[in-house]
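I have placed the structure first, in the form of structure tokens, so that the comments after it can refer back to it.
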Amino acid sequence: MNEPLQRRTPSQTDIAAFKDLTKIDALTRLQNSLNKLVLTTPSQSQKDVRTEFDGFEKLFSRYLLDSVDQSSIDWQEIRQPPEGTVIPYKKLTAIDEHDTKDFLNKLIVVKLNGGLGTTMGCQGPKSVISVRNDLTFLDLTVQQLEQLNRQYGCEVPLILMNSFNTHDETEKVLQKYSHVSVKIYNFNQSKYPRVDRETLLPVATNVNTSDNECWYPPGHGDVYQAFYNSGLLDEFIEQGKEYMFLSNIDNLGASVDLNILNHLLTDEVKHEFVMEVTDKTRADVKGGTLIEYQNKLRLLEIAQVPKENVDEFKSVSKFRIFNTNNLWINLQAIKRVIEDNTLHMEIIVNHKSLDKGINVIQLETASGAAIKSFEGAQGINVPRSRFLPVKTTSDLLLVMSNLFTVHRGILKMNPQRSFPSVPLVKLAISFNKVKDFLSRFQSIPDCLELDSLTVSGDVTFGKGVSLRGTVIIIANHGDRIDIPTGAILENKIISGNLRILEH
């Protein structure tokens, strides 16, 4: 009698081999789709589109084929940064005034300008929102550099990295700066296709006609490759520029610092990459921090932390600093890591749903994660004043208030404030849009002595209101609270219904 055939149970090796073949097949299909997409562009644009898609293909290939998840962290391997890799700002040597002009002429300033103002209810680029004295983020940046160039007789250019969402509008706005003594350049970060989560193929069918929602800008980690592709990197190296100061355009504390520049150009060790970090507060517990990992200085983000270690990551006592995303990077080193293909940043996987109901993934990278690809990388623990981001109208309230003074585009803490920390402010949803926010304040309150402010519900503020200590204002559903003109609220909780009637 014939023996019945034994069904072989697939081994782990068989399963892994099958998965690998599936991934290779998915990559091949993606490559074919990208090739077809390139052909939908005019012949004169195909080379540029192909270059962008090569970058996307490389990122997608890493996402699919890397056997070890590069973003995962073995928590036991984490070490505090070794002595000397994160230094206090106060240890920096002040720049010699005789060197200032020459050193500034070796610097370029790059601002990340890819974001829209939609989260604050504004149309167009976030950089054109008015934040102080009717001046926009972009106005303040240009003012800072114009003052620097005039004061020292130097030429520090401003370079904006736009996204396809902000480029056209930014080009129009830049015309108003034609008279200023700052050379302004633009380049676009890449435009990558969103990929259907089921098919792993691009949602777009045509480069020029597919909806904008079929595409995405791949995070600010794209700055290195996009800057290289633009030709500007080589242009500035030829001009004798040595360092880029990179920061978010909505960080009003990120101005050129002469002491950091002096450190980069005079220290015995060549630092190809310097990250400004600052001390954590309760508001920053989710911010990325610097660690030593596998003998390299590395940025650790909360998304990489195993769930069981998240509380430890948020601990202000263990991880005391966080990344401000103010970065100083050597231009020749950027050229080297791009051309040698040694630039490595962890992939951030974002899951989105399009309006048409398709679930997509978009792969992004963060500029600070590149720190491990550079030699002599270092952190500098800077004063909190160098980190003043405006992400929400709660932040906007602080920068519009008397907590800060503005001088030639630079915001500084008002010397009349008795302690240097910024108050914690949480405004109600009804304040989220800039237009609604402005309509709820007859004038911006005096915040010089404020520690924290929480506002919930339908609340308005009269003229000349003073907020001191801890103030909590809660209007219950259906109620409204009008804070009267000239009111002084010190360590107060106000709830219920308070309406000022006109006589």
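Each residue, glycine too, has its Cβ placed from N, Cα and C.
According to TrEMBL, the feature UTP binding site maps to Lys126, Gln189, Gly219, Asp250, Lys391. Packing around Lys126 (UTP binding site) is summarised by its Cβ count: 23 other Cβ atoms lie within 10 angstroms of its Cβ, all protein chains included.
TrEMBL lists His220 with the feature substrate binding site.
A gap of 15 Å separates the Cα atoms of Lys126 (UTP binding site) and His220 (substrate binding site).
Cβ-based neighbour count (10 Å, all protein chains) for Gly219 (UTP binding site) stands at 23. A straight line from the CA of Gln189 (UTP binding site) to the CA of His220 (substrate binding site) spans 8 Å. The Cβ of Gln189 (UTP binding site) has 27 neighbouring Cβ atoms from other residues within 10 Å, across all protein chains displayed.
In terms of local Cβ density within 10 Å, His220 ranks first among the binding-site residues His220, Lys391. Geometry remark: Asp250 (UTP binding site) versus His220 (substrate binding site), CA distance 14 Å. Counting every protein chain shown, the number of other Cβ atoms lying within 10 Å of the Cβ of Asp250 (UTP binding site) is 22.
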